[in-house]
Amino acid sequence: SFYFPNFLNKKLFLGSISSNWSPLANSGMFLVVLTSAFQLGPITAMPLSAEFCSSEMFGWPAVYYLLGTISLIVFTIFYWIYRDSPREHEFLSSRELSFIEHGKPLKDISDGRKKRHGNEQKQEVPYMAILKDTVFWGVFLCTGTGNLAFQVFWQFGPIYLNKALGMEVAKTGIASALPFVLSLIGKNVAGQASDRLTSVSEKAKVIFFASISQYLMGACFLAMSLFPKFGIVNVTLMQCIFTAATVFSGLNTVGVIKGTQLMSGQFAHVIFSWTTIQLSAIMLIIPMIINFLTPTNAVEEWADVFLLFTALVFIGTTYFNYVIEVEPREWTETELQSAKSSLSTTTVHGTTICAEEGKKLGLDVLQIR
């Protein structure tokens with residue numbers, strides 16, 4: 001019950017915040033910081049839960065009260081500081097605003113101005129065009145298989161370490177949190193690398209980091225599946241592989257997630273809301289799948305779980321790499337293109353302007369070129 005709304009919250013934030021606030025030049029690092037909650041949550045919750053569960057004074061219900069109180073405090077601060085658009089924020093300087101908006105499509109900038117002046121008009125979402133796009137289905141499939149694998153660490157990491165590998169409950173919390181600490185470090189390094197490798201195309205970087213993240217995570221799953229079948233059940237070795245799989249999964253922020261943001265433009269919040277619904281279904285279904293495949297929580301039973309998810313991750317990632325495009329899709333430009341084609345333009349001192357379009361979008365005339 002704690003993780004469910006937490007996950008929904010963070011997934012929706014990715015679309016609604018990144019499309020408005022993320023500078024194109026630092027989109028990788030921006031997403032890394034924004035998605036750090038995926039690691040900070042387990043880093044905080046798992047050791048605390050282990051301590052409270054083994055404590056005779058407080059007991060396990062106390063962890064819900066503590067985390068709930070912290071969540072309320074943090075949300076109150078966020079509610080007070082956050083604005084939907086950078087142009088609405090009174091603490092933002094003109095230099096910072098220019099940095100955020102540099103290189104962004106005209107439509108995104110005009111939306112921010114409309115929000116500031118209170119005359120925002122909602123843009124119709126091209127649902128059919130999105131659903132007919134193979135790039136969307138590549139993103140949707142790869143996100144789904146990645147979420148399936150990630151839920152093994154998120155929901156069942158402590159269970160696997162305790163029931164299958166025989167680790168004590170008190171040690172399980174720290175052992176479950178350690179992979180997320182390393183994952184947080186790894187994704188920060190990847191975010192910096194993604195933004196600074198300017199000589200490599202965005203598409204190549206997205207495919208590279210998606211492949212590193214998902215294929216290596218799948219390889220770790222495959223190792224955890226095959227070792228028990230060959231009689232290799234070393235607790236330390238299995239824990240190291242489990243930790244490595246968690247670390248690799250964190251790199252997906254500058255892979256699939258960044259690709260989703262780049263290709264969906266101003267409709268990023270729509271795509272992320274759909275993957276949130278997908279994640280909700282996964283969180284409900286995956287416990288039934290794992291409980292069915294691991295009735296006694298034996299290492300050999302978990303090997304079958306890892307083998308299944310290995311196959312799914314490889315299929316989803318391969319299809320994603322084949323179809324992904326990082327340029328904004330055609331359905332992100334429909335409204336602006338139709339508006340431009342229906343209006344006449346005038347040339348003044350070598351500058352092509354459209355006064356009517358400028359007024360409609362809330363822009364100064366000389367900014368339309």
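Glycine residues also receive a Cβ, built from the backbone N, Cα and C atoms like all the rest.
If you look up TrEMBL, you'll see 21-42, 62-82, 135-157, 169-186, 206-226, 232-255, 267-293, 305-324 marked as transmembrane segment.
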In terms of Cβ proximity under 8 Å, which residues at least six beyond the ends of the transmembrane segment (206-226) contact it? 142, 145-146, 149, 190, 194, 200, 238, 241-242, 244-245, 248-252, 254-256, 258-259, 262, 302-304, 306-307, 309-310, 313-314, 316-317, 320-321, 324, 326
Interface check, the transmembrane segment (267-293) with the transmembrane segment (21-42), three or more C-beta pairs under 8 A: no
Give the nonlocal contacts of the transmembrane segment (21-42) in its own chain as ranges (CB under 8 Å, at least six residues past its ends). 3, 6, 10, 13-14, 86, 99-100, 102-104, 153-154, 157, 176-177, 180-181, 183-184, 187-188, 190-195, 205, 250, 253-254, 257-258, 261-262
